Amino acid sequence: MIEKISSFHSPLLLLFPLCHAPGAGGWSPLNSDRSQWLQVDLRGRKQITAIATQGRYSSSDWTKQYRFLYSDTGSNWRAYRQDGTIWTFSGNWNSEKVVRHDLQYSIVARYLRFIPLDWSEEGRIGLRVEVYGCAYWSDVISFDGQGVMSYRFRAKKMRILKDLISLKFRTTKGDGVLLHGEGQQGDYITLELKRAKLWLQINLGSNQYGSILGHTAVSSGSLLDDDHWHSVVIERYRRSVNFTLDQHTHNFRTNGEFDHLDLDYEISFGGMAVSTKPVSGARENFVGCMEGIVYNSDNITNLVRRKKLDTSSFRNLTFSCAESRTFPVFFNASSFLLLPGRTDADTMSVSLMFRTWNPSGLLLFSPLVYGGVEVSLMDGRVTVHIYVSQKQSTRVDISSGSGLNDGQWHTVHFLALESIAILTINGDETSSVRTTLPVMVRTGGSYYFGGYFPRTNLSPTQRSFQGCMQLIHVDEQLVDLQAVEQGSLGTFENVSLDMCAIIDRCVPNHCEHGGRCSQTWDSFSCACEGTGYAGATCHTSVHEQSCEEYKHLGKTSDMYWIDPDGSGPLEPFKVNCVMTEDKVWTTVANDLPVKSPVSPDPEASTVLQLNYSMSTEQINAITNSAEHCEQHVAYHCRMSRLLNTPEGTPFTWWIGRGNEKHTYWGGSGPGVQKCACGIERNCTEPSHYCNCDADQRQWREDSGVLMYKDHLPVSQVVVGDVRRPGSEARLTIGHLRCQGDSNYWNAASFNTPASYLHFPTFRGETSADISFYFKTSSSYGVFLENLGNTDFIRIELKSPTTVSFSFDVGNGPVELAVQSAAPLNDDHWHRVEVERNVKEAVLQLDGKHREVRLAPPQGHTRLQLFSQLFVGASGGQRGFLGCIRALKMNGVTLDLEERAKVTPGVKPGCSGHCSSYGMHCQNGGKCVEKYNGYSCDCSLTAFDGPFCTEDVGGYFETGTVVRYDLMSDSTASSLRDVKSALSPLPTEANLTQEELSFSFSTSNTPSVLIYLSSRTQDYLAVVLRHNGTLQIRYNLGGLREPFTISLDHRNMANGQPHSVNISRQDRIIHLQLDHYPSVSYTLPEASDTEFNLVKTIFLGKVFETGQIDPVIIEKYNTPGFVGCLSRVQFNRIAPLKAALRSGISSAASVQGVLVESNCGASPLTISPMSAAFDPWHPDSAGAQFPFNEEIVSRDGLNRDSAIIGGIIAVVIFTILCTLVFLVRHMFRHKGSYHTNEAKGAESADCADAAIIVNDPAFTETIDESKKEWFI
């Protein structure tokens, strides 16, 4: 062994030197198995940075894989860990090549161990080693739990803005204060171990009222009582803190509003000084060792060695770290340790300490002369099974403890004395569990710890244990485990002695967004319920990024959860999404009531604070991605001036985003101290630029919309002119409204195979997600790629039906691929979602095709990239032709459009959204392309709304008529367009096919629902008869009487909505009513098939001067339809919508009262249960279900009384209806009608008949024997 100390990264030790001298040999043990190890003594603590290995010189002996252990004392070994696992180093594949590994972090140790795991198949284990590093020296101080070091400040009080504290510690005790300082004003800083976790508690100040609470507590690490060195660095500047433990840094900001740490007198190390105030509470002092203590540039350990600090509380101050007396044993799933004990004794006493993450496992099994004893961990409890086989087989069970699989050290003591068994956990004698045994115990002399694998008649419920044990006692004697290691006591298999390789896989916590981490010995899992995120590490948001995205999923206006930054740190939040025909508005409410009175402050201006339903960061995320934002403001005033003059000091201003002050008002813009009337020059007083600045005694108002989104939202309004006598003001600040999502539509078009966009290197070391939309007609191409030395990520279209995600994090290339049943090069939008974390990789296509690949149980987990991120192509790869949109990586949307503006071969934006989203436009709505999306054109439908799904209807009062003239000049062109699809005649309104659909609700009969007239005798009518049944009447000529379809089986005038769909193709008529199946009818052969010269559509009543079926007039036209009609559409014409929407068409007219309502929509054919008795209805307070007939109603009447009252009411109602019918019959011919018709109409029975009599072209053909069709 040659020791060589020189500069950093120089060879520190050459053991069997590498490469050079012939015959140098190397280490090769006699037996080649996994129990062999090579131990190196560096003759002092050294800092190790790299190791290199080589096979034995000129042989077939080499080591292919090995583990690396280190220690300060030659005991209590620690395995080198990397990426959260005990690391396995790759070694050699021949005897000559040198393989060097630079350690991910440097270690400090005196003793090293190399443990071969795999070696040459051609020979045996062979190894030459070279270690790289440098000398290490540090002052070490031992703390015995009594002594505390106090570092007194130069001044009595210290007001500290910046701190830098560092130290290293080593301990076997899980609780103790490492440092503490506090001030009389309540400031403090404490670094403390609690249950083997390190806690930093800091308070920069709280006020006496409790409105400012400065206490901040952050924890880091776990299992820190492992008797190994741990490094701590605390960096603070004002409220920003970096808390680093063993290379893991936690960044946070302290609570409160103060920046300075105010400490009095001193700061103590190893515990709390005697002078500490009692309010700090009693805490345990630190027991263990510290080194390298530095407090704000002062080397504390050096000051102690030089006796510059007070150490009087130490009984025996030593500058060395005592060797630990513990000797841990590490078990895996195939391990056991067999120890001897007394044979045929009537007393059995065993105790041990253990730690594990597994809820179940075998701690001990010992065969007895008659039976056996099993001590196991089951569901976190210690359970003892005592098997008794003497006379008859029985089993006695006792258990104690809970949650003992928490990774902490726990003590188990089992004592069986004659016929009594006692189980004690963690030394708590008061909670010991006792039981009586049926026979006396006779020991067998063998004790199996951590595993029992012989197949015997008596087998334990648990077979193995994964964890650590120490301080094992058998028969009240501490077992000498060093003697076990040397082979002089007991036996073992697959046991690692003098080390505990337990790993806390939840520290650092890979569960993101508040996911709860739980673990076993081999793995961890994340519970994501209630977080708003999903996936193996709770990384991916389950919510959409904006209201815009919800719209394009087919959603309508409602409250939705959104997550603008996806997997980013911003929590999801709820907003109101308002979907209009062409825009999507995101609305954020505030708590200021409309016209809030402004109360004067006698000493200063009045400040009105606005609170929104979400945080400032969440609001900023909305405004940042929005294309436009606005907020309505209104100032109502009486003798209260608003802005003064443009040159003067404003009386009122508002605070917006970033706490910036703004002096313009709604309707104006930044830099212009005016109101809307000042911009439009229509203020009350021309000499002022706001109505309120005229200072008049009448109430005035200045209102408008703030539209500069970088200033929104309004968070405060400061009102200055309300303190004068008579001054009054009221303030209204509307909701923040934003529309558009620039991130969702951010797209680029790649026009050549060599074109690409480049961005900075993607940073997604342990957790990464990528999502985007693509559209292409090409069969292949690379979507994106980023490279490292060996690491890379790539997403590509590999074939017309396959998308792949490939990556390498140092364990070799991995490729995931999903296939679509349909081609992906169909020029439609498709979505790709990718996620990679330490547990798995996921590739998902269009939300349904998915592949998951689990990460290897041991290997590299960090993705290390250095090249630029290439989007669209990369060097040597097949370029992508098509569009990529909404590319988001780890919650950040890449601005493809901005980069495309300056990149040849790439254009910003992408057209053709209707091919993918047009199916959301329903009921005949037409998809219209937009630069950043699409909209639905509902003009040729009977519907409104963003997807043409909102019914347009109206309520008809008695006598109301809607008339739509099809043959007018204004509708001729639109009708011709419609006929091209629905009629073979391009120029005349002669139809061989038509479609009519509508819905209605009414309780009145008879009535005409719809009547289509023509310039000939042809017509189509839908009427309700006296009994409430529906009738369809067709007259196309060729028949002596109309073709009639009567639906006699049900009353349609029941007040419920009903839908009717009628379509005709030549002679075939299809009729569908409500949800019932469609029924077909055929016109007689004698009937014509053309609906000639269609003229007018009447809704609610017929008011026509042409030829009209007199049956319609006599039986159904009076008094007219009373009720609701909705979504009326004839072919591509919506007459009711045209009548209700001004400006759509001049062909529509209304006579009478028509009120817009959708009461005729949403067909419901089953009468609903009354809300008062619906047990699931939220308003059914007091409803009982099932109904109890014996329950008395609230008014005290029983059920029989209610029935009698109901019968009386029915009788009275029947009498009244009869009287109404008689009166109507007596006076039906006595009415007089005042019309502008010819005098010949005076002899008519009614106004409708007067029209018929006055028309000379009308031929009366009333026949009561007309043919009817029934269904």
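Glycine residues also receive a Cβ, built from the backbone N, Cα and C atoms like all the rest.
For CYS910, the partner cysteine in a disulfide bond according to TrEMBL, taken from CYS883, CYS927, CYS936, is CYS883. Note on the disulfide-bonded residues CYS883, CYS910: the fewest other CB atoms within 10 A surround the CB of CYS883. Put simply, of 1-134, 911-949, 969-1159, the stretch with the most CB pairs closer than 8 A to the domain 'Laminin G' (140-321) is 1-134.
Beyond the ends of the domain 'EGF-like' (502-539), by six or more residues, the same chain brings 81, 84-86, 220-223, 226, 248, 330, 355-359, 407, 466-468, 561, 563, 567, 571-572, 766-767, 769, 835, 837-840, 842, 857 to within a C-beta distance below 8 angstroms of the stretch. DSSP labels the residues of the domain 'Fibrinogen C-terminal' (538-588) in these numbers: 5 helix, 20 strand, 26 coil. Across the domain 'F5/8 type C' (1-134), DSSP helix (H, G, I), strand (E, B) and coil residues number 0 helix, 73 strand, 61 coil.
Confidence in the domain 'EGF-like' (911-949), given as mean pLDDT, stands at 80.
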